[in-house]
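Asks: Reproduced below are the annotations present in TrEMBL:
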- D329: active site, proton acceptor (ACT_SITE)
- K36, S37, R41, S181, Q183, D329, K356: 3-phosphoshikimate binding site (BINDING)
- K36, G108, R136, Q183, R360, R402: phosphoenolpyruvate binding site (BINDING)
- 23-437: domain 'Enolpyruvate transferase' (DOMAIN)
Amino acid sequence: MKPTTLHNIQGGNEMIKVIQKAKGPLKGTVKIPGDKSISHRAVLFASIAEGTSTIHGFLRGQDCLSTISCMRELGVEITETDDVITVEGKGSSGLAEPDKLLDVGNSGTTIRLLSGILAGQEFYNVLAGDDSIAKRPMRRVTGPLKMMNASIDGRDFGNYTPLTIRGGNLQGIHYFSPVASAQVKSAVLLAGLYANGQTTVTEPFLSRDHTERMLRTFGVEVETEDLSATIRGGQKLQATKVEVPGDISSAAFMLVAGAIVPESEIKLDVVGINPTRAGIIDVMKRAGADVTLENERMLGGEPVADIRIKASSLKAVEIAGADIPRLIDEIPVLALLATQAEGTTVIKDAAELKVKETNRIDTVVNQLNKLGASCEATEDGMIIHGPTPLKGAEVESFHDHRIGMTMALAGLISEGEVKVKDTEAIAVSYPDFFEDLKGLLN
Ligand code: S3P
């Protein structure tokens, strides 16, 4: 019989999860859910391809479902079964003017990548999402798309939703992005497919390269060199079969759980280890974590492996520079790891955290400190003094999936109950998170 270390309290509209200290090590194998970034791209690219594409291992999280519903509004026929998503591609000019506003929910990837595609369409679109999306900066995408000739507006001259886009007649550009952002790079490259001439994006550090890899599997030529990617306008996408690997950003939670709950050993199956995403593995190894990759192979243009994590003693590390885009989404859970590491962990060059689903510098630092951690916010990151024992408290997730999961894991090593508010947001990227965690409790 497994002890019930996780249970729910429903308070008003909010789902509160109560997590108690794990009574023993975490043991077992988890099949990590599909990669969120790759799932979005698969639906978007299949929609503008010629022919019928199938997507296997698609993440049925709220964000990716928002991408599906937007593409349906644009006239794309998409069928869903438990195993396969089938997309009847409309070709590059077959999308139709939507009757309604395109609702992206909580999904930054949906609004930013879709804006790139819509910049190539002559019809009128309005895009908006939830309260978090309404606060997230869009000029980083609308700015270069306007330079390409798209007509875009929004609050604060195109910086905030609702965005209106009427595109067409685009001109290729060479865009030097001030931020290392795959959402910016992808939006500009997708618009580049519809532009005259060629379009290049150069970024300060390399961001995730799933767009470049997947466009090639749809038959598009994309040239990459150092920090630049170039696409020639007018190329057509051909339908294909996409296999989505497990999301390393979801695996991150299980990796950290396995590292901090004493004597744990967990195996994570079929996880994407694309070098532009795998920063967490390098950083955890530097911190003394016992992580091993097994059965490394390619799956649909992306490298994958099974990952084994065993609990071990941990030491503080510095996380900065080119590492940051390779693990930006993992910083909340790495901060939790740092609370258990010997020494002072310094995370810098990570100001991008302020414009995620929440200001993740503030939310991480404030909530971990409520649990007894010793964290300080800085202008571009945080400093964490460890190791500190954690204690029970009621913490907020602020409707941010990654904050909710980080806090739940903190409960596994805290003396006293950790109550995490608004955990329904976890379904954005990892709908079975609590079931998978329960399966590891002994
Ligand atoms: C993503 C890119 C990253 C990441 C986000 C998903 C993507 O955002 O944080 O969760 O799928 O391209 P930025 O491009 O804003 O860094």
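Keep in mind that glycine also has a Cβ here, set from the backbone N, Cα and C atoms.
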Asks: Compare the Cα of R136 (phosphoenolpyruvate binding site) against each of the recorded positions K36, S37, R41, D329, K356 and report the nearest.
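Replies: Result: the closest of the recorded positions to R136 (phosphoenolpyruvate binding site) is K356.
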Asks: What does the structure give for the C-alpha distance between R360 (phosphoenolpyruvate binding site) and S181 (3-phosphoshikimate binding site)? Integer Å is fine.
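Replies: Here the two Cα atoms lie 16 Å apart.
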Asks: With H, G and I counted as helix, E and B as strand and the rest as coil, say where DSSP puts R402 (phosphoenolpyruvate binding site).
Replies: helix
Asks: Averaged over the domain 'Enolpyruvate transferase' (23-437), what pLDDT does the prediction give?
Replies: 98
Asks: If the 3-phosphoshikimate binders are K36, S37, R41, S181, Q183, D329, K356 per the record, what's the largest distance between their Cα atoms, in Å?
Replies: 19
Asks: Would you pick out, from the binding-site residues S37, S181, Q183, the residue whose Cβ has the largest number of other Cβ atoms within 10 Å?
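Replies: When each Cβ's neighbours within 10 Å are tallied, S37 tops the list.
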Asks: For the recorded positions S37, R41, R136, S181, Q183, D329, which residues place their CB under 6 A from an atom of ligand 1?
Replies: S37, S181, Q183, D329
Asks: Could you work out which of the binding-site residues (K36, R41, R136, R402) has its C-beta surrounded by the smallest number of other C-beta atoms within 10 A?
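Replies: Among the binding-site residues K36, R41, R136, R402, the lowest count of other Cβ atoms within 10 Å belongs to R136.
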